[in-house]
Structures are given as C-alpha cells and as structure tokens.
Amino acid sequence: MSTSWSDRLQNAADMPANMDKHALKKYRREAYHRVFVNRSLAMEKIKCFGFDMDYTLAVYKSPEYESLGFELTVERLVSIGYPQELLSFAYDSTFPTRGLVFDTLYGNLLKVDAYGNLLVCAHGFNFIRGPETREQYPNKFIQRDDTERFYILNTLFNLPETYLLACLVDFFTNCPRYTSCETGFKDGDLFMSYRSMFQDVRDAVDWVHYKGSLKEKTVENLEKYVVKDGKLPLLLSRMKEVGKVFLATNSDYKYTDKIMTYLFDFPHGPKPGSSHRPWQSYFDLILVDARKPLFFGEGTVLRQVDTKTGKLKIGTYTGPLQHGIVYSGGSSDTICDLLGAKGKDILYIGDHIFGDILKSKKRQGWRTFLVIPELAQELHVWTDKSSLFEELQSLDIFLAELYKHLDSSSNERPDISSIQRRIKKVTHDMDMCYGMMGSLFRSGSRQTLFASQVMRYADLYAASFINLLYYPFSYLFRAAHVLMPHESTVEHTHVDINEMESPLATRNRTSVDFKDTDYKRHQLTRSISEIKPPNLFPLAPQEITHCHDEDDDEEEEEEEE
C-alpha cells in the first residue's frame with residue numbers, strides 16, 4: 001500500500017531530501033530547460049499570459065541581426081556627415097554586452113555594480129585601469145541617478161549601438177586628423193563633445209528603427225534574421241487551454257503580422273497532424289503600437305486596426321473585447337479591463353528589463369518573466385569552465401590555511417602576493433570566457449547592475465519562455481533562499497556559544513522555554529496594580545503569521561472558498 005505525500009510530510013525522516021542529500025538535484029530540469037526563480041510564483045494562479053514580440057516571441061539571430069543594425073546605423077551617420085572611414089567597421093559580437101553604461105562626459109563605456117562601483121572601464125577599444133581610471137572617477141564610482149550624464153544600454157537592441165560608440169570613440173581618439181580632448185575631439189576649429197556624438201548615435205539608431213530600412217530588410221530575409229521554433233504553437237495552445245493569452249508589442253501591425261505569420265508558418269497546428277491555424281487564433285487579445293513603457297502608465301488612445309490596410313480606424317474604441325480584432329495603443333489598465341483580470345493574475349513575458357519588466361511590476365503588480373537569451377552562453381561557461389571556479393575555491397583554501405593559526409596577537413605577515421596574482425589571473429580567464437566585457441551578470445565575485453535589476457524586478461527568468469513547456473501549469477516556482485555571507489559560509493552544525501567569551505550571546509530573541517518565560521513574567525507582574533493594560537506582553541505566534549514568499553495569499557483563498 002502506497003503512502004500519501006500528506007502522510008509522509010508528518011515524518012521529517014521520510015522526506016526525500018533526508019533519504020538522499022542530493023535529492024533536490026535529481027528533480028531539477030536540464031539546465032537549458034530551466035526557469036529560474038527570484039520570487040515564488042504559483043502557476044495555477046495565473047489567469048492571463050502576456051507577451052512582448054521583439055526578442056521574446058520573435059528572437060532575432062545573433063550576430064546577424066546586430067550586424068544589420070550596426071551597418072545601417074553607420075550608413076546613417078555617414079549620410080549626415082560622419083567620416084567615410086567608419087564604413088570599414090564591422091560588428092564584433094565578442095566586445096559588447098548588455099547593461100553597460102555610457103559616460104557622455106568622457107566617452108567611456110562602463111560596467112558597474114548595483115551601487116555604481118566601477119567593474120570595467122573602456123575608452124574606445126582601450127581598457128583603462130588603476131590611476132588612469134581614478135583621474136576621471138576618483139572613487140571608482142558613478143552617480144547612476146545622473147541620467148543626463150550616464151546612459152544605461154540595457155536592451156538587446158542596444159548591442160550594435162554599444163559597439164558603435166566604442167568604434168567612434170576609438171576612431172576619433174586615434175585618428176591623426178583629429179585632436180583628442182578629455183570630453184571630446186577637435187577637427188581644426190570644430191569641437192565635437194562625446195555628448196553630441198552620443199546624441200547623434202541615438203538619433204541615428206531611432207531613425208534606422210522607425211524610418212530606415214531595418215524592418216524592411218528583416219522581413220525580406222526572415223530565415224536569416226529570425227529564429228523559428230516549432231514548439232511555439234504547442235506552448236501557446238496549451239496556455240490558451242488554461243487561461244487567456246495576449247500580445248502587447250511596440251511594433252506596428254504590418255511588421256507584427258509578417259513576423260508572426262512566419263513564426264507560425266508550419267504545415268500543421270499545435271501538434272503534428274492537427275490542421276494549421278492562423279497566428280491570431282493563438283491570442284485572446286492582440287495589441288500593437290503599445291508605446292511601452294508609457295503603456296504601463298497613462299497609455300495612449302485605444303484604437304482599432306484595419307487588418308486589411310494596416311491603418312487605424314477613426315475614433316477611440318470603447319466596446320468589449322472582440323476576438324479577431326487587433327487593437328492599437330491603449331494601456332495596461334485597458335488590458336486588465338478587456339480581459340477581466342487584475343495585476344497578479346497576469347504573467348507578462350518580455351526581454352526589456354525597463355520597458356517590459358520594471359514598469360509592469362512597479363506600476364501594475366503584474367507577475368514578470370524576463371527572457372535573457374544570453375543565459376544559454378552564461379550557463380555554458382558556468383558548466384563547461386567549472387575547472388576555473390574550482391581553482392578559485394582551492395585558492396581560497398590556500399589563503400585560509402595561511403591564516404589558520406593567526407590572530408590579533410600574531411606579528412607574522414604571510415606572503416599572499418603569489419596567491420593574489422593567481423586569483424586575479426584565474427578571474428580574468430573566467431571573465432574572458434564570456435567575452436571582452438565579461439559576464440552579463442558578474443565581474444569576478446561582484447554582481448553587475450544588470451544582475452541586480454534581474455533579481456529585483458523579474459519573478460522568473462530563463463533563456464527562452466519556451467522553457468515553460470517543461471513545467472505543468474500547476475507548478476509552484478519556489479524561490480531558493482538568498483543567503484548572506486554569514487549563512488552561505490557557515491555549516492548547519494550546532495555550536496555552543498560561551499557567554500563569558502561573547503556578551504552578544506545574551507541577545508537571544510527566541511523563547512526557548514515558554515513555560516519558564518510565563519513564570520518569569522508572572523513573578524514580574526505580581527506586585528503590579530490590578531489596573532493594567534489589556535496585554536502586558538506579546539505572545540509567540542502559534543500559527544504562520546510571516547510572509548514567506550510562497551505565493552499563497554490566504555485572504556484570496558478564503559474569498560474563493
């Protein structure tokens with residue numbers, strides 16, 4: 001006779017983790033199929049699944065798509081007066097990474113941590129270190145909230161722009177025709193600041209995306225530039241069986257229709273053998289021209305799209321949700337109203353940490369899933385280069401051994417210089433496995449600004465949302481404990497603290513023996529007058545009162561009952 005899970009939970013000795021200390025690893029999906037969790041999320045509570053299109057449903061191939069964007073932007077700059085020599089540059093995917101900051105004063109690309117501390121500094125193709133860095137950043141620190149000076153290149157669309165900025169700075173710094181200055185460069189009596197150069201690049205990028213031929217060239221060769229995944233129709237059809245599915249993209253309808261038609265262009269439907277369905281049938285609501293992040297605030301006027309011409313119909317749409325109708329503009333409130341959903345009912349899936357994830361989380365309370373295509377490469381290095389991580393751990397052990405028997409009375413000063421040099425060398429080798437700017441998420445032991453934003457705003461993240469295919473819709477994505485150093489480096493073994501050695505040991509806030517505590521309180525209050533407050537002492541909770549990030553709101557459950 002089999003034992004139920006509820007019976008097994010009564011006895012800790014029968015728990016799987018106690019039967020096998022490595023049990024948890026056995027239940028995990030393959031790394032490349034995993035969805036990673038920052039905040040617990042119960043999938044069965046999700047009533048609506050929302051999608052961005054660019055770099056989410058439609059993943060653009062790298063480096064082909066970035067190369068196209070780079071070439072078109074360079075051509076635009078040359079057409080407005082920049083040197084012809086720039087046409088010789090070609091996009092190099094090994095240099096840029098997302099999350100870099102461009103300093104418009106000094107023309108530097110910076111990699112920083114969550115607090116603005118410098119991790120990497122590059123002026124053009126030249127990596128700056130030590131005293132040279134401190135001349136411009138005395139504390140190796142920047143004020144991230146100075147958005148007039150510092151621009152964060154956070155999106156996948158920013159990658160060509162990031163590399164182009166490095167190319168321009170390097171060219172104007174080293175070309176003999178120009179005189180390099182601290183905040184720009186001179187050509188005779190003409191001065192160009194890095195701020196002006198940056199603005200020219202921004203304007204050129206916007207022109208390429210909105211007025212140029214980027215979309216036209218993409219559509220002309222979809223097979224070259226867009227990833228097509230046969231599992232997409234299957235996942236969306238399964239989502240539609242358990243909830244509602246909507247698309248909210250900044251792209252216009254004509255471009256959206258061509259991209260989505262290609263993504264769903266299979267001879268079959270969701271499964272082999274089923275009949276083909278148009279892409280629109282996989283969504284309950286389709287919304288284009290969203291203008292995110294404005295979409296998550298006041299939004300714009302909601303209008304209806306004429307799908308035959310791609311033009312907008314006159315007037316504001318005020319009716320109920322109609323299947324087969326494509327809408328333009330609107331806001332996140334509009335989506336909630338049309339779908340009859342509230343914030344936490346919605347899981348929004350996108351790639352833009354600011355436009356998709358941060359704003360939907362902060363302004364609407366939507367649950368968030370961040371798509372990070374670079375995660376596949378990050379995981380590859382993490383697993384394939386494990387020897388480097390193991391060597392760093394070994395070097396830490398060497399350091400600990402040198403200091404093992406020393407305390408504040410010791411005059412001995414171990415020579416750790418060789419170990420420090422080796423740590424730096426191994427850390428550098430590890431960083432270079434990711435690319436010239438290192439990992440998207442860290443530099444050595446320190447997490448990047450991008451990593452901190454992922455942890456702060458994305459409830460879930462993965463290399464692709466297709467990974468949801470490998471989980472049931474009843475799944476509880478449970479967040480792992482985020483350990484502080486005193487937790488991650490101290491074993492779970494009982495240690496008797498000597499109160500004579502450590503006066504802090506008396507700061508015990510737990511009531512170990514409630515009967516003894518009650519007796520002491522009784523002794524303390526015997527002589528107090530009968531006129532006293534209703535409650536002299538708090539009582540230790542006998543039921544769960546703390547929020548443990550399990551995504552199990554008891555009030556909601558009671559309402560449903």
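From the backbone N, Cα and C atoms, a Cβ is placed for every residue, glycine too.
Summarising the annotation, Swiss-Prot assigns active site, nucleophile to Asp52. Long-range Cβ contacts of Asp52 (active site, nucleophile) within its own chain (separation 6+, distance under 8 Å): Ala248, Thr249, Lys292, Tyr348, Ile349, Gly350, Asp351, His352, Asp356.
If you look up Swiss-Prot, you'll see Asp52, Asp54, Asp351 marked as Mg(2+) binding site, on the strength of experimental evidence.
Cβ neighbour count for Gln453 (ATP binding site): 19 (other Cβ atoms within 10 Å of its Cβ, all protein chains included). Per Swiss-Prot, the feature ATP binding site maps to Arg144, Asn154, Gln453, Arg456; the stated evidence is experimental evidence.
The P(1),P(4)-bis(5'-adenosyl) tetraphosphate binding site annotation in Swiss-Prot covers Asn154, Lys362, Gln453, Tyr457. Under the three-state DSSP scheme, Gln453 (ATP binding site) falls in the helix class.
Annotation comment: Swiss-Prot describes Met436 as adenosine 2 binding site, evidence class experimental evidence. If you draw a 10 Å sphere around the CB of Met436 (adenosine 2 binding site), it holds 16 other CB atoms from the protein chains shown.
Residues or ranges marked as region 'Disordered' by Swiss-Prot: 538-561.
Per Swiss-Prot, region 'Required for tetramer assembly' is recorded for 548-561.
What Swiss-Prot lists as compositional bias 'Acidic residues' is 550-561.
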How many whole Å apart are the CA atoms of Lys362 (P(1),P(4)-bis(5'-adenosyl) tetraphosphate binding site) and Arg456 (ATP binding site)?
11
Applying the rule Cβ within 8 Å of the centroid of the Cβ atoms of Asp52, Asp54, Asp351, what extra residues of the same chain belong around the Mg(2+) site?
Met53, Tyr55, Thr56, Leu57, Ala58, Leu156, Thr249, Gly350, His352, Asp356, Val371
Of the residues named as ATP binders, Arg144, Asn154, Gln453, Arg456, how far apart in Å are the Cα atoms of the most distant pair?
16
Do you see any of the binding-site residues Asp54, Arg144, Asn154, Gln453, Arg456, Tyr457 whose C-alpha is within 10 Å of Met436 (adenosine 2 binding site), and which ones?
none
In Å, rounded, how far does the Cα of Tyr457 (P(1),P(4)-bis(5'-adenosyl) tetraphosphate binding site) sit from the Cα of Arg144 (ATP binding site)?
18
